[in-house]
Amino acid sequence: MQDKYSPADVEKSAHDHWQATDAYKAVEHAKDKNGKDKKKFYACSMLPYPSGKLHMGHVRNYTINDVMYRYLRMNGYNVLMPMGWDAFGMPAENAAMANNVPPAQWTYANIEHMKTQMASMGLAIDWSREMTACKPEYYKWNQWMFLKMLEKGIIYKKTGSVNWDPIDQTVLANEQVIDGRGWRSGALIEKREIPMYYARITDYAEELLDHVEHKLPGWPERVRTMQANWIGKSTGVRFAFTHDIKDDDKLINDGKLWVFTTRADTIKGVTFCAVAAEHPLATFAAKSNPELAEFIAECKLGSVIEADMATMEKKGMPTGLFVKHPLTGSLVEVWVGNYVLITYGDGAVMGVPAHDERDFAFAQKYVLPIHQVIDVEGKTFSEVTWHDWYADKENGRCINSGKYDGLNYQQAVNTIAADLEELGLGEKKITYRLRDWGISRQRYWGTPIPMINCADCGAVPVPEKDLPVVLPEDCVPDGSGNPLNKHEAFLKCDCPKCGKPARRETDTMDTFVDSSWYYMRYCSPNSNDAMVDSRNDYWMPMDQYIGGIEHAVLHLLYARFWTKVMRDFGLVKFDEPFTNLLTQGMVLNETYYREDASGKKTWFNPADVQLELDDKGRPVSAILNNDRQPVEIGGTEKMSKSKNNGIDPQAQIDQYGADTARLFTMFASPPEQTLEWSGAGVEGANRFLRRVWTYAYNQSARIAAATASDFSKLSDAQKTLRREVHKILQQADNDYKRIQYNTVVSAGMKMLNTLEGAKLDESAASNAVIAEGLSIFLRILNPVAPHITHVLWQELGFAKVHGDILDAAWPQVDAGALEQAEIEMMIQVNGKLRGSIVVAKDADKATIEATALANEAVRKFIEGTPKKIIVVPGKLVNIVA
């Protein structure tokens, strides 16, 4: 055994052993040594995008997963930890353009590099189950599901809004639109309506919402709330304003302007209606109003992102058209509003400025009437300033509303809904904020949509026998549109219906399709004849899913939807894919920058900056190493390329070893909280591991000499050491179960301090106690630092007794070791703590009282005979003087 810790040697030795023994290959129905089925546990991290390099967020995510894997495996579980690649998507196209190589070439090279990095981390990944989203053997099943969903009517085609770049002649993703302009061309972006395929996720809205509330107790409350809000169930009233506006002698929308509201109690307060720029009434009005036409064109340039719509400036313009209020018959002016989405509800909203904050601001901006129809006792309404109580439906009562005056919210809604229904102009309705999932992308690097466009037959599904429709991998995007539109070898085909020449669909699928079911493919690797097979029934549903909070809505919602569709197709037998969810916190680091005269900031990596600290170690100034000139301290932010504050995990591993990187990321913060990077913390983790090695080396002779011992016949010093070791083991085991890995590391540090500080003789019993303590310590530390503990376990001979540490039984707390012959009891005099005593654990009440009264620290607070002595067994003596 080497006397010095060499991470490179240690980690190579461990990696060689794990590779030679195929240590992490998981099999279904694995047996324990008694031939009984082990309990399965499926723990999975959200699959990464193959960007080419791991970042510290990856390291943290995968280490959490790996720690869980190792702890559970030592506890007798059959554990699966797979890995794959979210390999399709826009970043690969952008990189391909920048490097003038096909996305496939760039992607596969990145995957190989990242696999090497993952291997260096010592992750317990079963690589035999690896999946890659851009390989035909995977995306064939995306296409197969598409056809099944199309057949069942779950997938359908309709027009949808997209961001169109008129210079590059291409559709842009939302993130490619910057301040209303194309990221590459700088052109003003237009909203265009084009045919796209959609999945009817709204058909599952109620079930998705119900299961959030009742079937996901192992998910963070924050994520469940985000999902519920995204689904956005609203119970309200859909009703119509009538009109006689005609276009080409035909009533527009049958003479009705439909809206939906959750506040039907305020219907008498309507002073305007707003419609989307694409609404038929807006289109009609613009024909004779050039100014309105120009405004509508401006609205169409705006974002199609709902979040952007919520924060942008609300603008409007009157159409000159009026509709009739269904209950009063009064005329209500119609406006075009840039905040109204044609894709949401009926593309129109009622405006009640007195009781809606957005409408209030809009009415003030354009000097529209404000009519109060809800009153709260003791409050005074003003048209000048908005107050939150204006929208209060809990305490409000109808006023200025005729027959509805005095009704509360629910009474008014029920009565008004009934009246509208009787008029044939409305009814109660449940709506959802959730929209159907548009899965078409006008991009190259994605799963080809398996449809063929025939001049005679229209859109025809590709026959199942012809799957997969293989994406050509030789295209190099140039930013001027989808290269598949020019790829004749891909485009040319015959119509499956009529046999005439036809063209393939060039849209590809949203990459969220790839990530909606990949975790099931891990369970059925290399299944050529089915999307999933019986092995999926063994592993699923997943026991623990791990990933960032940024995926709380879309990915997780789509995966839940996809699972329910697969269930309805008879492919799976469960409702929810992920039993437990852990959303790990972000990794943060300091930021440094310089700002030029134009306000542009240049960011510098923390490794290139030198700090000046005050006497308390706080940074007061910073300079750049290469020019010795000042830089601004920007504060702590998430590690990112844009702020240039990332830390290269590989550099940390090369310098300190993977165990140090793992130990620091687990110790610095609880898994679900943010982690602040600290170079000093990394060095501290490395020093700890060197101490571990040194202690083990120094005890190697004792361990070699250790024999089985009767732990019932120990000296006080030996008992004390065993008690402390088992007490810390108890804490660490509890923390592992709670996924509080930072306090697990704390427990390991505490145990090393305890072992190092023990002063035992050279007896056989002492050797046995130290051997037991060190074997427990190595097993506690193993899930976090698997390399060093694996090698020390082998070197110290524990493997000969217990087998490989990976499968060594988790140490059990010895209740006998925790027992103490003596206990400490606190003493209070008149309710104030005045001292403590040590008595035999089984001391009687009289002995405890006598010992307490004899205590020097207590005697000075007592005069004469105490009035009363209360003994709380094992804890406290309370003396009333």
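Glycine residues also receive a Cβ, built from the backbone N, Cα and C atoms like all the rest.
Lys641 (ATP binding site) falls within neither a helix nor a strand when secondary structure is assigned with DSSP, and so counts as coil. Annotation for Lys641 (ATP binding site): no spatial neighbours, criterion Cβ-Cβ under 8 Å with sequence separation of six or more. The ATP binding site annotation in Swiss-Prot covers Lys641 and is backed by sequence analysis.
Averaged across the motif ''HIGH' region' (48-58), pLDDT in this predicted model comes to 92. Annotation comment: Swiss-Prot describes 48-58 as motif ''HIGH' region'.
Residues annotated as motif ''KMSKS' region' in Swiss-Prot: 638-642.
Residues 55-57, 586-589, 603, 677 of the same chain lie 6+ residues outside the motif ''KMSKS' region' (638-642) yet bring a C-beta within less than 8 angstroms of a C-beta in it. Each residue of the motif ''HIGH' region' (48-58) gets a DSSP state, and the totals for helix, strand and coil are 3 helix, 0 strand, 8 coil.
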